[in-house]
Amino acid sequence: MAKLEVKNLSMSYDGKNKILEDLSLSIQDGELVSILGPSGCGKTTTLRIIAGLLKQTDGEIIVGEKNISNLPVHKREFGMVFQSYALFPHLSVFNNVAFGLKMRKLDKKQIQEKVENVLSVTGLSDLAKRFPAELSGGQQQRVSLARALVINPQVLLLDEPLSNLDAKLRVEMREEIRRLQQELKMTAIFVTHDQEECFAISDKVAVMNRGRVEQFDTPQAIYQEPKTLFVAKFIGFENFIKVVGYDGEAYLTESNIKLAAQAKENTRYLTIRPRQIKIIETANDSENVVKGRIINRTYLGNSYRYTVKTSLGVLKVDDFEHDVLSRDEDVILELAVKNLLPLEN
Amino acid sequence: MLDRKNKPLLIFGLVVMFIILVPLVLVVITSFGNQPTISLPIKGFTFEWYKNILQQPDFVDGFKMSLFVALIASFSALLIGIPAVYALTRYNLQHAEWFQSFFLSPTLIPEIVVGFALYQTAVISFKLPLLISLLVGHFLLCLPYVIRLVSASMLILDPHIEEAAWVSGCTKGQAFFLVVLPNIKASVIAAFMMCFINSFNNIPISLFLNGPALNMLPTAILNYLQNNYDPTVSAISVVLMIFTAVMMWVVEKFLGVNKLVK
Amino acid sequence: MRKRSAILLLLPAFVGVLIFTFYPLIQIIIPTLNQSSDYGKLYLEFLKSSYNQTVIFRTLAIALFTTLVVLVLGLPLAIWIARQDEKVRKLLSVIILFPMLTNAVIRNFAWIIILGKNGVFNDLLLKLHLISAPITILYTNAAIVIGSAYLFLPIMVTSLVGSITELNIETEEAAAVLGAGAMTNLFKVIIPQLTTGILTGCILVFAGTMTAYTTPQLLGGNRHLVMATLIYQQAMTLGDWTNASVVAIILIILSVVIMFAINKLMKKLDRRKVNA
Ligand SMILES: Nc1ncnc2c1ncn2[C@@H]1O[C@H](COP(=O)(O)OP(=O)(O)OP(=O)(O)O)[C@@H](O)[C@H]1O
Ligand SMILES: [Mg+2]
């Protein structure tokens, strides 16, 4: 268990296309950090470089105080959980878990003790004699986790460990992983492309896009204050207003309308959640009010989703206070300053 | 419908099975006949011809030599073929398919030509001893079986289990022997058996590469048969059939005979 | 680094095949081309001789007939085996496998016992008074076809049983419901779905028969040479290694061309996988 530092990682499989570019992460001792991002953004690549299964083109990996950038995979003392579980089909559950200990030449008694211990923590004690083919997906997943944990790894690496499980088991297992990680005070990196999953269990989240970390923050910060257009889109913001300048008080939109919002450098867009846009009765003098016409309405259960055409562009608005409005009705929208978030590109 | 209950199909099937088995049964029967030449029905009953096998140095030495060559050729095909398969299936090579066809290419060349060409290259040009040349020829016969059978099972095996072994602290070599090999064991054994049987039975390759002191059993039988027509041939045939049956039984016991043809 | 270890692993097999398969081929080709200023001279001479033409024609004809016999016997047998219960199917497959793994000399020898002048077959015909004197079957082309068919039938059946068990029997039931009888089903439903399996089997049988040495040697005798036995005769009996090489090269070219042609045909005929 140790602090993990990834510095300026670059990676290219073919020498031309850069899959990772200048990627840095810093993970404190005992922290669980998720890497979140769309398919193909380089999550697995990052994890495999950290594990030593791939060699970076550039950059460093430091565990504790030790630079392990050039250490071969089998000397890194990491634990890894694979998406396919990658259990050894020819070994029993016990021997799967004992494998890493045997490689470390521990004596029989110690191995027995440690394996039994980890099997009981992961709830596998009764299955020790079974073979992987005789286990359910969730059980295989646990074995894979136990195998990674038993060597008491410096860092635990998990690559989409839950994606082969059904929805219910997924929730159960992610809580289990979180519990074990906290109990053992394990430094862990968890790769996923499921936003909910990663918010639920992480201390911090690194949102990746095209081989770069776009934002590295706590789940709360990412949810409430996405920094870039990509992050905002990825976690579900839907309204994006392009801005072209800032005059010291307000942003100037493409359509020449002034919108007040928190000042921030490099801002290219403003965003606001559909339910934070208020439908108001009469246009008051305050800033950030815009007129529009409803062009579509969808019932969402506890609210109505209106698509409103405004001079700022088409905005999505969720409303659960007013009576039902219908198509072609004119409305006045208020985009409160505190809810408008500035985004970088 | 052409299912199990279809009468004509049933009759046809039984007849063809009969045709397949009867010739071999006849061989067995003739091996016990009393007359000096093979004839049916047999008169009397004797084991004389089986004893006579041992009087034929060509058969006895041939059997030993064939066994030796088949074993060495099969082992070397595994020893050289498996690393190649590993590289083809685990290294993401650009021309993996090309290499695969290259390694299978000896099957495209008629065996008689393999022996004929090898004789000129290995024996005449390279001046290799006859035995070495013979082993090379049989190695070429075996290699494609190893490539085909082992790579099929390497492709099925999850490549991540090896990585899991590395992460657990194995070197590449340890991971291969501790994790990969145990999981492709069945295909390795199947490949070995196919190599062994085909090498042991081969005639065309040995034909050009055998010599006075290098007598292979099948060619010995072939020669004997061209000069004699007595039940000794039947007897040695029966012995070889028992040999084959025992091998099949062993394979069936350990991995199922159907693995051999997949 | 990774590249280097991949190369190291491939190298022994690569060098082995290169030096002992491809180099020897080149080595036998060169003398056949260099004998005179005219590169193709030896080949033209060889092909002009009517004796050689007969040998080539015999080789191809025997391979063709063998393939047909094997197909006609093997397909229904394979269907029959494939349609059995798992257990019976396995047993039958093992029985088929046994001759396949038995030495070719033994299997040919069995047919010598049957087809010879005083063989089982002649005996039978005489006893049934179908003939009055033994007929000659052994040492004819027919004997070679019979022996080869016996040699290759198990291979065809094994390969077909595999593809037939993969067929969805419901396609036949669907056809039966629509009024197709057993024969219609065979030709209109089963065989079209089996083109790949059948043609793969045909490649094996045709190429195998065409290049086989043992069977024509034992069952054809000296007067019914095929290309494989001709190579041996030219080289070992007549000592004409160059001419033997010419035959060898022609044999390779013929068998490879035929295999590729059937392969092409197979790809063309099998349209099931277009969308896969
Ligand atoms: N062995 C390889 N050779 C070449 N390119 C590769 C290789 N592996 C991955 N890539 C490319 O690198 C990029 C990142 O791949 P990576 O597997 O890291 O993505 P990921 O974020 O894990 O995606 P997913 O969510 O689908 O697992 C992709 O564009 C992929 O095509
Ligand atoms: Mg991935």
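Any Cβ shown, glycine's included, is placed from N, Cα and C.
TrEMBL annotations: computationally assigned, not manually curated.
Tertiary proximity for the transmembrane segment (B:9-32) is limited to same-chain residues at least six positions away from its ends with a CB under 8 Å from its CB atoms, namely 2, 38-42, 45-47, 49-50, 231, 234-235, 237-238, 241. Summarising the annotation, TrEMBL assigns transmembrane segment to B:9-32 (among others).
Taken from TrEMBL, the feature domain 'ABC transmembrane type-1' covers B:63-251.
The transmembrane segment annotation in TrEMBL covers B:67-89 (among others).
Same-chain neighbours of the transmembrane segment (B:101-122): 81, 84, 128, 132-133, 136-137, 140-141, 143-144, 147-148, 202, 204-209, counting only residues six or more beyond its ends whose CB sits under 8 Å from a CB of the stretch. Sequence annotations record features per position, and here TrEMBL assigns transmembrane segment to B:101-122 (among others).
The transmembrane segment annotation in TrEMBL covers B:128-147 (among others).
Taken from TrEMBL, the feature transmembrane segment applies to B:175-199 (among others). Sequence-distant contacts of the transmembrane segment (B:175-199), counting only residues of its own chain at least 6 positions beyond either end whose CB sits under 8 Å from a CB of the stretch, comprise 69-71, 73-75, 77-78, 81-82, 86, 138, 141-142, 145-146, 148-150, 152-154, 157, 161-162, 164-166, 244, 247, 251, 254-255, 259-260, 262.
The annotation transmembrane segment is assigned in TrEMBL to B:205-225 (among others).
Sequence-distant contacts of the transmembrane segment (B:232-251) (same chain, at least 6 residues past either end, Cβ-Cβ under 8 Å): 24, 27-28, 30-31, 33, 38, 49-50, 52-53, 56, 59, 189-190, 193, 196-197, 217, 221, 224-225, 257, 259-260. According to TrEMBL, the feature transmembrane segment maps to B:232-251 (among others).
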